[in-house]
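Heads up, the thing below is written out as structure tokens.
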């Protein structure tokens, strides 16, 4: 084999970059020339896409080609001795296009990830008070924007307007950039009572705390039988606190301000919420009398 042909084969076989360069320059070519030992120059047919060279042509015999094995491909007409191996998708990718004898496998970042130059990276999760401006795709990250006054975003969603209270309702808790308005009527608040409304308000108070403070709250509320534990990951803490609240009795929830007295701001917010709900219930009862 001529030295130039050997170098070409090695470069194409082990470098996809070289393959692309050759393809761009020669993809429309269907023949190539080579010099026989006798010194004669002959023009040979290239092998079609999906195959590779098995034997060069001579002045009496045409080029002999062989189909690519499974998992290998050639995209353009060529005269290389081996087909190129198809790429493999990583654990963060899904197969968008299968590997064939004439095309490489095409991989795409799976749901929740996007391609960041060299690897799939998880989409940005918008922080509290920020909503999704542009939803992430396999090819671009999520874009976030701060929710303006009168708007809120919950759980990595776009900013939407606070829900206005109906004519028969009253605003119990004003919405924030991360929480909607809480509206109640006398019928709903007397039926739901303190517990349901308070649990909803308490978990929102917990959500805006940093992870370190949540971890301390978890320790303060620890159940001795081991049924309640909180990691140092914010979302895990919130999940455990939500579980605790779901199972808590009315008395346990009402005693939260005392249990969390070391956390002045949180204790006061919960205490004020309890008082606000009680005041509204009493007002409704007096109105109905």
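For all residues, glycine too, the Cβ spot is worked out from N, Cα and C.
Here's what TrEMBL has on this protein:
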- 1-23: signal peptide (SIGNAL)
- 67-107: domain 'TNFR-Cys' (DOMAIN)
- 67-107: repeat 'TNFR-Cys' (REPEAT)
- 68-83: disulfide bond (DISULFID)
- 86-99: disulfide bond (DISULFID)
- 89-107: disulfide bond (DISULFID)
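Sequence features, as recorded in TrEMBL, placed on the structure.
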{"residue": "68", "record": "disulfide bond", "CB count, 10 Å": "23"}
{"residue": "83", "record": "disulfide bond", "CB count, 10 Å": "25"}
{"residue": "86", "record": "disulfide bond", "CB count, 10 Å": "18"}
{"residue": "89", "record": "disulfide bond", "CB count, 10 Å": "16"}
{"residue": "99", "record": "disulfide bond", "CB count, 10 Å": "19"}
{"residue": "107", "record": "disulfide bond", "CB count, 10 Å": "19"}
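The shortest Cα-Cα distance between residue 89 (disulfide bond) and any of the disulfide-bonded residues 68, 83, 99 is the one to 99.
The two recorded residues, residue 68 (disulfide bond) and residue 86 (disulfide bond), have Cα atoms 11 Å apart.
Rounded to the nearest whole angstrom, the C-alpha distance between residue 107 (disulfide bond) and residue 99 (disulfide bond) is 10. Residue 107 (disulfide bond) carries a strand DSSP state (E or B). Residue 83 (disulfide bond) sits 12 Å from residue 99 (disulfide bond), counting Cα to Cα.
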